[in-house]
Structure formats: C-alpha cells, structure tokens
Amino acid sequence: MAYSLISKGICWVTFIYMVLVSHSCNGFYLPGSYMHTYSPGEEIYAKVNSLTSIETELPFSYYSLPYCKPHGGIKKSAENLGELLMGDQIDNSPYRFRMNINESVFLCTTSPLSEHEVKLLKQRTRDMYQVNMILDNLPAMRYAQQNGVKIQWTGFPVGYTPPNSNDDYIINHLKFRVLVHEYEGTRVEIIGTGEEGMGVISEADKEKASGPGYEIVGFEVIPCSVKYDPEVTAKLHNYDNVTSSNCRELDKSQIIREQERVSFTYEVEFVKSDIKWPSRWDAYLKMEGARVHWFSILNSLMVIFFLAGIVFVIFLRTVRRDLTRYEELDKEAQAQMNEELSGWKLVVGDVFREPNHSKLLCVMIGDGVRITGMAIVTIVFAALGFMSPASRGMLLTGMIILYLFLGTIAGYVAVRLWRTIKGTSDGWKSVCWSVSCFFPGIIFVILTALNFILWGSKSTGAIPISLYFILLLLWFCVSVPLTLLGGLLGTRAEPIQYPVRTNQIPREIPDRKYPSWLLVLGAGTLPFGTLFIELYFILSSIWLGRFYYVFGFLLVVLLLLVIVCAEVSVVLTYMHLCVEDWRWWWKAFYASGSVALYVFLYSINYLVFDLQSLSGPVSAVLYLGYSLIMAIAIMLSTGTIGFLMSFYFVHYLFSSVKID
C-alpha cells in the first residue's frame with residue numbers, strides 16, 4: 001500500500017508539473033499514448049513488429065522474409081525492457097499513408113526468389129505466421145466471417161494454402177481501411193504517456209491544431225494475393241499509382257516458387273468515424289465471456305463462504321469453548337486437566353519448535369512476499385488504467401521494476417522471521433543473499449536454457465547478450481543492495497515473541513492412518529477452484545495472441561484467492577495440531593502453495609487440448625518452461641499467504657493458553 005501511495009504521489013506531481021509547463025492544458029488521457037493530429041495530405045509511415053505464430057510461439061523478424069525495405073534503411077524503434085523480453089522487434093516500413101488521400105500504390109518488386117527464400121516463405125505460411133503492422137500505435141486488425149460469426153484478429157498472414165492443394169500463395173497486396181475522426185479542438189495541448197514518451201505537443205503541432213486535422217481511430221486490413229505481370233511492374237517506381245486489384249480469383253494469385261518475382265502493392269481508404277480518440281482501443285479490448293468471469297467470481301465466493309463457515313466453527317465452537325473452560329479452572333484443576341489433555345493443547349511445548357530447513361523457509365517466505373506485493377500493485381495499477389495496451393511491454397517492465405524495489409520488504413520479512421525462529425541475528429546476510437538469488441536464480445537458469453533454444457532457431461524472442469548484462473546489473477546493483485537494506489532493518493526490529501516455551505525434548509508424533517502430504521495436496525484444489533477459469537483467459541492471451549484487459553475481474557479474483565489460501569491453510573494447520581502433529585510450518589506453506597501443482601497440470605492440459613496446433617518439440621519445451629516459471633511464482637506467493645496467516649493463527653491460539 002505504501003508503494004502504491006508513493007507511486008500515485010509521483011504521478012500526480014509529474015502531472016501538475018506538466019500542466020504548469022504547458023500553461024493551458026485542456027485534456028489529459030489515462031491510459032493512452034501521445035495523441036497526434038494529422039493535417040490533410042500529411043505523410044504517415046506504418047511500422048512492423050515481429051512475425052508471430054500460435055503454432056510455434058517463435059517470433060521472427062519481419063525482414064527475415066523477402067519483403068520491401070524502406071529507402072533510408074531499416075531502423076529499429078526504441079524498445080523498453082518488457083518489449084525486449086517479449087520478443088517484440090518494431091522496425092520502420094515502406095508503407096506510406098497520406099492523410100485523407102485514397103490511393104492504390106506500387107511498392108516494389110523483389111529479385112527472383114531463391115531456393116532458401118521459397119523454403120522459408122512456405123514454412124512461415126504453413127506455420128500460420130502473422131505479420132503485425134502498426135499505424136499511429138494501433139495494430140492492424142482483420143475481420144472474417146466464420147460459421148456466421150464475425151471474428152477479429154490482429155495482423156494478417158504471410159501467405160495461405162488453399163484446401164486440397166500443395167501450392168502456397170504469398171500475401172502481396174493489402175487493402176487498408178483507416179478510420180479517422182475529425183479533430184474538434186483548437187489550439188489544445190495534450191500530455192502523452194505512451195510509446196512516444198511523456199511530452200507536450202510541439203509548436204508545429206500547435207499550428208496544425210488551429211486548422212482542419214484528423215486523428216487515427218482505427219486500422220483495418222484485408223490481405224490479398226495478386227499475380228502481376230513482371231513486364232508491367234518493371235516500369236513502375238516506388239509509390240506509383242496502380243489500378244485497384246480483385247483478390248478473389250485463385251488463378252490470379254501469386255504462387256510461391258523459385259525464380260518468381262513478387263510485386264508488392266497496397267490500397268488505402270480513409271473513412272470518417274464517430275469513434276473518438278480516447279475510445280479507439282475499445283475495438284481491441286472488447287471483453288468476451290463476461291458471464292464466464294462473473295461465474296468464476298461467484299464460484300470463488302461459494303468456496304470462500306464454505307471455508308469461512310469451517311473457520312467460524314473452529315474458532316467459536318472449538319477453540320473458544322476449550323479456552324473459556326480452560327481459563328475458568330483453578331491451578332489445581334488445570335494441573336489435573338493437563339494430564340488429560342488431548343489434541344492441539346498437548347503440543348504446546350513443541351508447536352514453536354524450529355522447523356527443518358528453516359533458512360530455506362525464510363528465503364521462500366521473503367520471495368513470496370515480494371512476488372505477492374508485485375502482483376497486487378501491478379494488477380491494481382492495470383485495473384485503474386495506468387498500464388495501457390498502447391504502451392507495449394509496460395506491464396512486464398512495471399512488474400520487473402516493482403520486483404526489484406520490493407526487495408527491501410522481502411529482506412525485512414525474511415530476516416525478521418529468521419530472528420524469530422533462531423532467536424539471534426547471526427547469519428542474516430546469508431539469508432538476504434539467498435532471498436536475492438533464490439527465485440531470480442531459478443528464472444535465470446530456465447530462461448538461459450530456453451534462450452539457447454531460441455538462439456538456435458534464430459528467433460527474435462531470444463534475449464540479446466546486452467540485455468543479459470542489463471538484467472544482471474539490475475539484479476546485483478539494485479535488487480541485492482535493497483534486499484540487504486531490508487535485512488538490516490529486520491535485524492533492528494523486535495523479533496516476534498513466542499507465547500509459550502519450547503520443550504528441550506521433542507514430543508513423539510502419533511502414527512496416522514493416512515500420510516499428511518495427501519491432505520496437503522488435496523487442500524490445493526480449493527484455491528485452484530477460484531483461479532482456473534481466469535487462468536484460461538490469461539493463458540489464451542499469452543499463447544493465442546489475444547488481448548487481456550479485464551484486470552478489474554483479475555483483481556477481484558486475486559483478492560478472493562488470497563482469502564481462500566489463508567482460510568485453507570488455517571483449517572489444515574488446525575487439523576494437524578488436533579492430531580498432535582506439531583510440524584505445521586512447511587505444511588501450512590504447502591497447503592495453499594500446492595495450488596501451483598494444479599496450475600502446472602492445468603497448463604499441460606491446456607497445451608494438449610487447447611494448443612493442439614502447437615507444432616514441434618521446441619515450441620512445447622518453450623511453453624512448459626514458461627509455465628514452470630509461472631507455477632513456481634504462484635507457489636511462493638500462495639504458500640507465503642497461507643504460512644503467514646497460519647503463523648498468526650497459531651500465535652493467537654497459544655497466546656491464550658496459560659501454561660508454565
């Protein structure tokens with residue numbers, strides 16, 4: 001909460017400063033990108049992102065295929081940390097648009113296709129690779145009818161293969177439909193927060209604002225394949241006008257084969273629209289399956305009320321009754337009763353005994369607090385609209401920055417728990433270093449293994465060596481010092497005092513009819529029940545290229561998940577104490593943390609049944625590697641929530657017992 005308030009304060013200070021600088025600001029959009037108003041005839045160039053496919057999940061550079069290149073050479077757009085990690089590679093392109101001028105334009109003709117280029121084009125076509133084009137920060141959108149339902153995609157295919165045919169055809173003619181909204185304001189200065197960076201409209205833009213202007217509010221494309229006469233196109237130059245093409249005749253499509261010269265053309269049609277600039281992303285973010293989201297929340301609420309009922313019974317009927325009866329007895333009666341005690345009261349001398357691998361437990365709790373804080377703050381900011389989809393990679397970048405700076409809290413919690421368990425601060429630096437290296441180290445090892453696979457495939461998804469050094473620099477120059485600072489604060493904080501003394505000789509734990517780990521694993525099904533429906537939408541957004549922007553629902557589900565994890569862990573801890581099992585520390589952690597196992601199994605289920613098109617072992621290994629990272633993060637987060645709640649419960653329970 002403190003970090004959220006600080007972040008909001010910084011945002012407001014920045015905003016007020018920009019208003020004072022700009023003198024007369026009439027509009028501020030959050031979320032959004034830098035709004036650009038174009039005058040009639042003004043040139044706008046589209047950009048191209050990496051080629052992507054839901055079949056391989058291996059992104060490749062747009063210019064890895066024989067496409068037309070811009071005159072001034074290929075120039076990469078500035079990319080943030082999130083974009084680089086996601087495999088985005090945004091380059092300039094030769095596709096030129098002139099505001100409010102409808103035209104049909106010739107772009108270029110390639111040299112005769114070589115054997116390697118033909119093989120690459122055919123492979124990308126059959127792997128269903130999509131070209132992702134961007135105009136004024138809007139992705140190109142394609143509509144199609146399927147079983148009478150209008151379906152939308154972002155991007156267009158590299159090529160297509162007709163049914164019952166061995167021939168492949170390249171998409172070489174694009175029909176663009178650009179939706180524009182006539183600019184209604186005059187001399188308005190606008191603050192931008194998107195990919196163009198924070199800024200105020202320039203003096204040149206101020207002059208344009210006083211005249212007629214247009215905002216781009218939609219970008220649609222219809223892909224076609226057209227066979228052109230090489231003798232005719234040989235006489236054409238870049239941006240020469242050509243006649244409009246009909247792309248419905250298969251015999252006039254451009255086949256992919258050796259020595260073919262492919263000509264690229266495009267048409268542009270500008271259409272006036274009533275859509276206003278702040279609403280232009282609505283078409284991309286249409287929330288599908290709202291009823292399913294509500295069902296997910298209602299399902300979670302039922303689980304919560306069920307568990308809350310159990311906790312209520314435990315506290316009011318069992319614990320309170322026992323404690324009240326115990327406190328009403330005089331000392332002689334208590335001494336006699338101690339000999340006849342059963343259940344959780346018998347383990348009073350062992351319940352706070354140091355657990356096995358206590359250092360590892362402190363490290364995992366510290367990392368779990370950090371991941372939980374990162375998730376909550378990120379989702380709150382996203383739900384409030386601070387992380388717009390127009391700002392590509394900002395969600396991942398924000399998560400990384402939050403993770404780094406929450407190292408202070410992670411170090412503090414881990415070291416304070418270490419002092420509570422050990423009764424001394426000795427070894428706190430080792431605990432802090434372990435917290436700094438445990439989860440990041442696991443991610444580093446997995447990502448490095450996956451990166452070798454991506455490097456071997458020459459994919460843009462591979463992390464560049466330079467980015468590796470940046471991440472290592474952030475790790476050891478930001479995360480580690482902040483974690484050590486948190487640990488230092490933890491050594492100065494008062495350790496949590498146990499309410500009862502621990503016996504020197506451990507109490508023997510009675511034999512049980514069934515192993516306790518079975519109960520721990522079964523407990524994970526309840527938190528998973530609150531999560532699995534939303535998990536489907538998240539996986540679909542990651543692996544099927546869909547936009548996920550229902551962060552309001554996700555925030556509610558996250559809060560419900562926290563409550564369920566806390567309740568499950570408390571109930572399971574109480575059940576173990578009732579059968580005289582005082583080794584509750586790790587069981588409390590894994591009672592709620594075992595949800596990660598079900599998440600990973602569900603990810604495998606999603607791979608088998610929903611990602612059937614995913615081709616090749618490389619894609620499957622990538623998918624499983626990323627799913628494993630997600631499952632480990634969920635285990636640390638949910639396990640920490642369950643453990644901290646159980647610790648508070650046990651501390652409260654035994655602080656009410658008056659035993660010397």
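A Cβ is built for glycine as well, from the same backbone N, Cα and C atoms used for every other residue.
Automated prediction, rather than curation, is the source of TrEMBL annotations.
According to TrEMBL, the transmembrane segment annotation covers 294-316 (among others).
Per TrEMBL, the feature transmembrane segment maps to 368-388 (among others).
Look at TrEMBL and you will find 394-418 (among others) tagged as transmembrane segment.
Annotation comment: TrEMBL describes 430-455 (among others) as transmembrane segment.
The annotation transmembrane segment is assigned in TrEMBL to 467-489 (among others).
Taken from TrEMBL, the feature transmembrane segment covers 517-539 (among others). Taking Cβ pairs closer than 8 Å, the transmembrane segment (517-539) reaches residues 289, 292-293, 295-296, 299-300, 303-304, 307, 548, 550, 553-554, 557, 560-561, 564-565, 568-569, 571-572, 575, 587, 590-599, 602-603, 606, 610, 638 in its own chain, all 6 or more past its ends.
Taken from TrEMBL, the feature transmembrane segment applies to 551-577 (among others).
Under the heading transmembrane segment, TrEMBL lists 589-609 (among others).
Residues of the same chain lying 6 or more positions beyond the ends of the transmembrane segment (621-654) and with a Cβ under 8 Å from any Cβ of it are 57-58, 319, 344, 348, 351-352, 361, 364-365, 367-369, 371-372, 375, 439, 442-443, 446-447, 449-450, 453-454, 496, 498-500, 527, 542-543, 561-562, 565-566, 568-570, 573-574, 577, 584-585, 588-597, 599-600, 603-604, 607, 611, 614. The transmembrane segment annotation in TrEMBL covers 621-654 (among others).
Among the stretches 368-388, 430-455, 467-489, 589-609, the one making the largest number of Cβ pairs under 8 Å with the transmembrane segment (551-577) is 368-388. The list of residues near the transmembrane segment (430-455) in space but at least 6 beyond its ends in sequence, with Cβ under 8 angstroms from a Cβ of it, reads 58, 359-360, 362-364, 366-367, 370-371, 407, 410-411, 414-415, 418, 461-463, 475, 479-480, 483-484, 486-487, 618, 621-622, 625-626, 628-629, 632-633, 636.
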